[in-house]
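The structure appears below as structure tokens.
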Amino acid sequence: MIMLIDFDYFFAQVEEINDPSLKGKPVVVSVYSGRNERSGAVATSNYEARALGIKSGMPLYRALEIGKNRAVFLPIRKDFYQKYSDKIMDIISEYSEKMEIASIDEAYIDIDGNDCKIGIANEIKNRILNETGIKVSIGIGINKVIAKMAAEMAKPNGIKCISADETGEFLNNIKINDIPGIGKVLSKNLNEIGIEYLRDIKNFDVNKIKSILGESKTNYLYELYENKYFSPVEPRVKKNFGRYLTLPENTRDIDKIVPYLKKSIDAAYEKAPGIPQEISVVAIMEDLDIVSRSYTGNAIKRDDSINIALNLLNKIISEDNRNIRRIGVRLSKISKNNTLDDFF
């Protein structure tokens, strides 16, 4: 199954986090062309602005007309948003070896098995919210296209899974204009000849559809309809390496947690392509809240990591009276140097 994590109205949401006075107000983040103060386009808008009719891609002059004296207009700060994106991508990368960053505010991961893994999706959502303040929506499906459509259905701040068993019926009832990659113009052209739903293509000659879409997009639609579409998640180079294990029962008993902590350490070091300068112990609590403690040093050898991790675990338990559901270790600031001497 493929999971898409989509950061809800990302640019505007970052602005809300950094200026709480914006919360509840229509917020519009725009790209200014520099020609004049009304020239440019809307990069994104929050849901309050969307309720006014201000949407992404709208010419700025039109958005200013709609939002006059009602909306807050801000210039895009992409480098600032990228810092938030990097933090979120690092969190997501811990949940799969196969991860594809689709854009600054979207990432796909390939999750093992054919079930929806709603628990993992909730965990990812909670970690991102707790560690960055950002709300995300998550879509899950058998391929990237279905995962993306599911994510759209999950917005705002939700989770939607189209299981393998539900895929056939879902595809049979999906509208052409809801399919990623087709676009408004081509959807309109297909609608005009009677193709409103994906299932309608079976009633038309393939060459007729090719005359509208071209060969590549026509093949894409047929593969999707016949449930034969596949596009692999393209992995990226990871910055962090971690392993998380679910405990047999929720507990605060260190003796019961330590064996799983050690397994997490061993697995994380096996994945890491070098020596970490930072180690974090991450505890997912019984209510799915996430608590973590970190240690940074010049070079953290595997033999030393267990004592460091135990100290971090003790800090978590002494400072929090909740039971722990899952325990994990995250290694970061990896040096690919071959020897410890290179650190000094």
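A Cβ is built for glycine as well, from the same backbone N, Cα and C atoms used for every other residue.
Under the heading active site, Swiss-Prot lists GLU106, citing sequence analysis as support. According to Swiss-Prot, the Mg(2+) binding site annotation covers ASP6, ASP105, on the basis of sequence analysis. According to Swiss-Prot, the feature domain 'UmuC' maps to 2-183. Per Swiss-Prot, site 'Substrate discrimination' is recorded for PHE11.
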- prompt: Out of ASP6, GLU106, which has the highest number of nearby Cβ atoms, where nearby means within 10 Å of its Cβ, if these are the recorded positions?
  reply: ASP6
Task: Tell me whether PHE11 (site 'Substrate discrimination') sits in a helix, a strand or coil according to DSSP.
output: helix
- prompt: Which residues does ASP105 (Mg(2+) binding site) neighbour through Cβ under 8 Å, counting only same-chain ones at least six apart?
  reply: ASP6, PHE7, PHE10, PHE11, SER85
- prompt: 10 Å Cβ neighbour count around PHE11 (site 'Substrate discrimination')?
  reply: 26
